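These notes are about the structure you will find just below.
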Amino acid sequence: MQWSRISHFLFIDIFVCVLQAVMSSDFAVSHFKHLRKLLLVHGHWCYVRLANMILYFFYKNVMFVNLLFWYQFFCGFSGTAMTDFWMLILFNLIFTSVPPIIYGILDQDLSAETLTVLPELYKSGQTSEAYRSSTFWVTIVDAFYQSLACFFIPYFSYFGSDMDIFSFGSFIITATLFVVLLHLLIESKSLTWIHWTVMVLSVLSYFVFSLALSAACVNCIPPANVYWILHTHMADPVFYLVCIMTVVVALLPRYVYIICFF
């Protein structure tokens, strides 16, 4: 009887330890038969998602910061930005933050059936095929190129005009938003309704906020003024032409690179 009670308490202690280990772990399986799918399928997806998402965040931040850098050549390196501070804050915080998170959660480069049937595909994670130094530098160079396209195409399109600083910045930020989001679509291997919904909401949030700000901000950023800027742009066909041309020129090399090497 005493040995039975000792065995009972010993079993409870072991069970509690196992539960604590499960709660502290990233993954837990109830049977070893589930380990194959966890490793070959979800392990592969997790590696590819994280690698590509990290590369995308490098790309997005380098690209956006360089837009501000190119403008310094035209303002005597005074630190002036060609857009208002709200755009500088909200561009990364709201307008382009959710799509890469959804991409990092849901993207699937290969189907679960393919990864299960071909276990050798798991080696791509072991050999770091998705995140190499060459891939990193290609991403950085592409970010520099896209920032040049997003800045200088609007600049030369209105070279010699009397356009003010925030009107010029509105062109750049709008084109950059579409470039950054469409770049993510090019990189995505699988697209669901969630991806499209988040993309649409990101674009809508930008235009709703920008239109509201330019309508309400009568004289809130002196001496410049953002009042009615985007409304004026959206009534001008040249605005759409310049944005489309900027997006095509900026994304064309990346699109060709994906087709040729992936």
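Numbers here mean position along the shown chain, with the first residue as 1.
Here the Cβ of each residue, glycine as well, is placed from N, Cα and C on the backbone.
Annotations in TrEMBL come from automatic prediction, not curation.
What TrEMBL lists as domain 'P-type ATPase C-terminal' is 22-258. Sequence annotations record features per position, and here TrEMBL assigns transmembrane segment to 6-29, 50-73, 85-106, 136-159, 165-186, 193-218, 238-257.
Stretch with the largest number of CB pairs closer than 8 A to the transmembrane segment (85-106), among 136-159, 165-186, 193-218, 238-257: 193-218. Nonlocal intrachain contacts for the transmembrane segment (50-73), taken as residues 6+ away from its ends with a CB within less than 8 angstroms of a stretch CB, comprise 79-82, 91-92, 96, 100, 103-104, 107, 128, 130-131, 135-136, 139-140, 142-144, 146-148, 150-152, 172, 176, 179-180, 183-184, 187. Model confidence over the domain 'P-type ATPase C-terminal' (22-258) stands at 85, taken as the mean pLDDT rounded to a whole number.
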